[in-house]
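According to TrEMBL, the feature divalent metal cation binding site maps to HIS109, HIS113, TYR130, ASP294. The substrate binding site feature in TrEMBL is assigned to TYR130, VAL131, SER132, GLY133, GLY134, ASP162, GLY177, GLU181, ASN266. Feature annotation from TrEMBL assigns domain 'Gcp-like' to 29-300.
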Amino acid sequence: MTVVIGFEGSANKIGIGIIRDGEVLSNPRRTYITPPGQGFMPSDTARHHRAVILTVLKEALEQAGLKPADVDCVAYTKGPGMGAPLVTVALVARTVAQLWGKPLLGVNHCIGHIEMGRLITKANNPTVLYVSGGNTQVIAYSERRYRIFGETIDIAVGNCLDRFARVIKISNDPSPGYNIEQMAKKGSQYMELPYTVKGMDVSFSGILSYIEEAANKMLSSGQCTAEDLCFSLQETVFAMLVEITERAMAHCGSQEVLIVGGVGCNVRLQEMMGVMCDERGAKLFATDERFCIDNGAMIAQAGWEMFRSGQVTELEDSWITQRYRTDEVEVTWRD
């Protein structure tokens with residue numbers, strides 16, 4: 001049986017997970033949370049990761065009931081992500097691999113999300129909507145690549161939500177997106193916002209600029225509530241995502257949708273995508289916050305697939321890259 005440990009730390013989550021032949025043995029993580037109205041800076045995030053990573057590593061081994069000798073391969077997030085946090089995690093993974101005498105594997109963060117989603121949901125060959133703080137892509141597998149059919153041309157949907165949360169001072173604990181989702185449930189009035197779909201691509205910077213400028217005026221004049229704004233923003237950006245996902249499904253002749261990434265555990269997004277799938281006679285697959293939010297097990301799972309297909313990363317090649325596209329990876333583990 002093959003055991004892979006995965007290190008993830010591309011943004012404000014630090015996670016270490018252990019996978020044994022498709023079984024999640026452990027998956028602890030910590031989140032760096034900043035005060036309302038603030039984002040997280042790369043240097044501060046890296047400092048947080050350095051402070052807790054060895055504790056999380058110890059937890060992962062203890063929860064799995066394993067010793068270093070039981071591990072076959074050490075996988076880490078190569079990118080995409082924030083530079084300083086990525087370097088911190090890669091450094092620890094590199095050190096651990098050398099200390100334990102194990103092979104090392106650099107994993108694409110996006111591929112980690114996809115492989116974890118496939119493992120947990122048992123989706124066969126889905127059209128994938130990958131939505132997170134740093135990425136927004138519609139993806140389908142073809143000829144040993146995860147092909148990008150559409151994506152954001154500016155900022156990611158999660159970044160749009162996070163920055164909106166800062167404008168109206170929504171708490172970052174446990175995450176801005178979660179708090180927007182809860183507030184949106186109490187919203188009743190839909191405020192019309194810019195809707196920007198360009199072919200297969202989406203744009204979120206215009207809607208963010210509009211709402212940054214208008215939000216405080218609308219709230220102070222009593223035109224709407226903060227809950228109404230959360231509701232309106234969610235409805236608009238999620239409708240854009242459903243539209244491009246449906247278009248990709250039509251192109252691929254697909255009958256499955258898999259939503260992955262941190263924004264993917266939003267129940268309203270799942271509901272809206274579910275309606276579209278029902279109308280097409282298709283099936284929707286999604287995971288909960290344990291596996292859709294950045295975690296170490298997803299890096300371990302992608303690493304497990306790669307390792308079993310004969311891939312390893314030599315020490316001199318074990319750098320990180322902040323811009324590492326999903327379609328750059330040759331998928332050697334699928335037909």
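Cβ from N, Cα, C; glycine included.
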Which is it, of HIS109, HIS113: the one of these binding-site residues whose Cβ has the most other Cβ atoms within 10 Å? HIS113
10 Å Cβ neighbour count around ASP294 (divalent metal cation binding site)? 27
Confidence over the domain 'Gcp-like' (29-300), expressed as mean pLDDT on the 0 to 100 scale, is 97
Starting from the Cβ of TYR130 (divalent metal cation binding site), draw a 10 Å sphere and report how many other Cβ atoms land inside it. 26
Would you find the one among the binding-site residues GLY134, GLY177 whose Cβ has the most company, meaning other Cβ atoms within 10 Å? GLY177
For GLY134 (substrate binding site) and ASP294 (divalent metal cation binding site), what Cα-Cα distance in Å is obtained after rounding to a whole number? 11
Other CB atoms within 10 A, centred on ASN266 (substrate binding site): 25
Relative to the Cα of ASP294 (divalent metal cation binding site), which of the binding-site residues SER132, GLY177, ASN266 has the closest Cα? SER132
Sequence-ordered binding-site residues within 10 Å (Cα) of GLY177 (substrate binding site), taken from HIS109, HIS113, TYR130, are none
